[in-house]
Amino acid sequence: MATRTTGNFIIEEWRDLWSFKSDFIIVCFVYVFSSTSILALPKMFIENGGGAFGVAYLISLLVCCIPLVMMELAVGQLCASSPPKSMFNMSPLFAGVGTSYTLLSLLTSSIYVAYASYIISLLVHLFMSIENDTPSWAPCPGKVAIDTLLEADYINVSAPESQVDINKFFQTIVLNATSGVEETGKLQWLLISGSAFVWLVIFISLFLGVRWLGKVCYFTFVIPLLLVLTLLVKSLSTEGASIMVQKIFETDWQALYKMETWMCALSQSLYGTGLCFGAYITLGSFNRRNNNLVGDTFLIVLIHAVLSCLGLVTVAALLGHLAIKCDQPYEKALTYDFSQLLSLLEAVGHFEQPHLWSALLLLFFLLLIFNFLYVLVLNIQTPVEDAIGDSASHFFPRTAICLAVCTLGFVITLGYNTQSGFPVIRIIVKYLDLFCPWFLLALEIFAIAWVYCAHLLARDVSQMITSRLFKIIAYPFFELTYLLPAVPIFIAVVKLQMYNNSLTDQRNIWVELIGWAMVLILLPVPINIVYCIAKTCFKGPGFSLWEKFKYAFASPLRYEVPKVSTTPRYTSTAPGYVLLPHAPLAEPEQYTDVYNDRQQMRVSKA
């Protein structure tokens, strides 16, 4: 059982703590490393002004990401609980935000497991072709038209018949894709095996808790870091690399006057630092109460910026080499998401020893996905443990919870392992990105900054940490969070304005309806609001309806304290103490309950 000290009193907690401070830092590093969409960065830079986009991105990190990471870590460290319970402690009315974060993490983790199964399938086919001079998907000799690179819509993802390349291989061999999403097709057993392997690894990494996870992440952080440095050195030494890198950083300052540029910079920075899942609340909840979360925040965001630069230059250099080898404009090599990975595989296929470089590239992205999944699944598992309570910290209950979460995730992933699974993923990702994470993030910031009060949270942080310098630094960033609900709202508005369903086959309007059905993960928010208001109005404290309604917003941290026994420890009524009546010198001792006094002082100050 862990003992935490906060202010003038001690709280006994059953939840685990990180074994060492370095464990927490490493897990945060692997999270920001893996959540960065390095595959999408080159296209974003070129389409949004190059260096101008980089400036907008850095401003977004400074103004938005640092305050929000600091805010989430502070909430987790203060409440020592997962997002649902922490949001309840901030304001009971917004506890549903934490529950929706859990559902969003479950849905996203199942998608990334499907991506991992595709990579594992490619690794299997790579191993099967090891006796050949080139991988199974290697381009034909001579010039290969880069126009065949997949620019598939969300419905029809079939590759062109005129060119046998990696995209054709991926569609016909790996996916065995059907002609459209309406044809579900059969389960692909190689993909199912890959998904089962991924969930097994996640289970092994999480069933012993965060103390074990911290040790696992040392390996899964160092290996991808070495791989990206190796790929960076190799890619920069290839023909055409410098041309693409220069194109990436060509600056068009007029792009800063466009809403789309700022929307891309803000959304990418929030996604890249992992701020759309409430994961930092979970990670911070396992910290010691006196942990310097302010210094941790700056270190996390700095590492994110450095690793993003490494990934950006590496991917850009590989795409430049591909453009030169295919004798095509560099714009043709730019795509998004998993299609960009296929382009990179085609690029390393032109290296000497293509099997080796293809394996290193696939292993790098596979480990990144594993790192991302560790934190997301922990974000799903921890609320269940908090709901069960003390017994969940024991070995068998925790193992059962982890097994249940991984089993549920595996069942959901089966839907993506069919022949039409890949276009289904693209539909879900497209519609999720439009609204859900931004709505949840806006509500989270509003609940913490406005309802609980960002200034009071800054004061809580100043009581938790000991460094006077970081106490002073923290206040401006917490005060800035009052303005930040406007950021996710701005992102959602711009995305909805840019939305069009031209990619959806008009014969399959039901596909668009299924996409919009993703907003159902937001249902816990209104359900909890209605329940909380109804419960407070009928059974809450206060005489008037307005007083009861205001109590629905009140944070339990401000109005409730742990119950303390009022029985003195050294009186005749204390358990185990007998005052003999025939002993005249045995007078009752005067006892001052300092602990109880301090609790009352804390309430009066609040």
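Cβ from N, Cα, C; glycine included.
Keep in mind that TrEMBL annotations are predicted by a computer and have not been checked by a curator.
LEU368 (Na(+) binding site) falls within a helix when secondary structure is assigned with DSSP. Positions annotated as Na(+) binding site by TrEMBL: LEU368.
The feature transmembrane segment is assigned by TrEMBL to 24-41 (among others). Sequence-distant contacts of the transmembrane segment (24-41), counting only residues of its own chain at least 6 positions beyond either end whose CB sits under 8 Å from a CB of the stretch, comprise 18, 210, 213-214, 217-218, 220-221, 224-225, 268, 271-274, 279-280, 283, 286-287, 291, 296, 299-301, 303-304, 307-308, 311-312, 314-315, 336-338, 340-341, 344, 368-372, 374-375.
Per TrEMBL, the feature transmembrane segment maps to 53-75 (among others). Packing against the transmembrane segment (53-75) from elsewhere in the chain are residues 44-45, 86, 90, 249, 255-256, 261-262, 264-266, 268-270, 273, 275, 278-281, 283-284, 287, 293-294, 296-298, 300-301, 304-305, 441, 445, 448-449, 454, 457, 460-461, 464, 474, 477-478, 480-481, 484, 487: each is 6 or more residues past its ends and has a CB under 8 Å from a CB in it.
For 189-209 (among others), the entry in TrEMBL reads transmembrane segment.
With a threshold of 8 Å between CB atoms, the same-chain residues lying at least 6 positions outside the transmembrane segment (216-233) that come near it are 23, 26-27, 29-30, 33, 205, 307, 310-311, 313-314, 317-318, 357, 360-361, 363-364, 367-368, 370-371, 374. Feature annotation from TrEMBL assigns transmembrane segment to 216-233 (among others).
For 269-286 (among others), the entry in TrEMBL reads transmembrane segment.
The transmembrane segment annotation in TrEMBL covers 298-324 (among others). Distant neighbours of the transmembrane segment (298-324): 25, 28-29, 32-33, 36, 38-39, 41-42, 45, 58, 61, 65-66, 69, 146, 225, 228-229, 231-232, 235-236, 238-245, 247-248, 272-273, 330, 332-334, 340, 343-344, 346-348, 350; these residues of the same chain sit at least 6 beyond its ends, with a Cβ under 8 Å from one of its Cβ atoms.
For 356-378 (among others), the entry in TrEMBL reads transmembrane segment. Sequence-distant contacts of the transmembrane segment (356-378), counting only residues of its own chain at least 6 positions beyond either end whose CB sits under 8 Å from a CB of the stretch, comprise 27, 30-31, 33-35, 105, 108-109, 112-113, 115-116, 119-120, 122-123, 126, 135, 198, 201-202, 205-206, 210, 213, 216-217, 220-221, 223-224, 227-228, 230-231, 234, 274, 277, 279, 282-283, 341, 344-345, 348-349, 405-406, 409.
Positions annotated as transmembrane segment by TrEMBL: 399-418 (among others). Listed as Cβ neighbours of the transmembrane segment (399-418) (distance under 8 Å, sequence separation of 6 or more from its ends, same chain) are residues 106-107, 109-111, 113-114, 117, 184-188, 191-192, 195-196, 199-200, 202-203, 206-207, 377, 380-381, 384-385, 388, 392, 424-425.
Residues 68, 71, 74-75, 78, 87, 90-91, 93-94, 97, 100-101, 104, 267, 270, 275-276, 278, 478-479, 481-482, 484-485, 488-489, 491-492, 495, 522, 525, 553, 555, 557-558 of the same chain lie 6+ residues outside the transmembrane segment (438-457) yet bring a C-beta within less than 8 angstroms of a C-beta in it. Residues annotated as transmembrane segment in TrEMBL: 438-457 (among others).
The feature transmembrane segment is assigned by TrEMBL to 469-493 (among others).
Under the heading transmembrane segment, TrEMBL lists 513-534 (among others). Packing against the transmembrane segment (513-534) from elsewhere in the chain are residues 92-97, 99-100, 103-104, 107, 427-428, 430-432, 435-436, 439-440, 443, 549, 552: each is 6 or more residues past its ends and has a CB under 8 Å from a CB in it.
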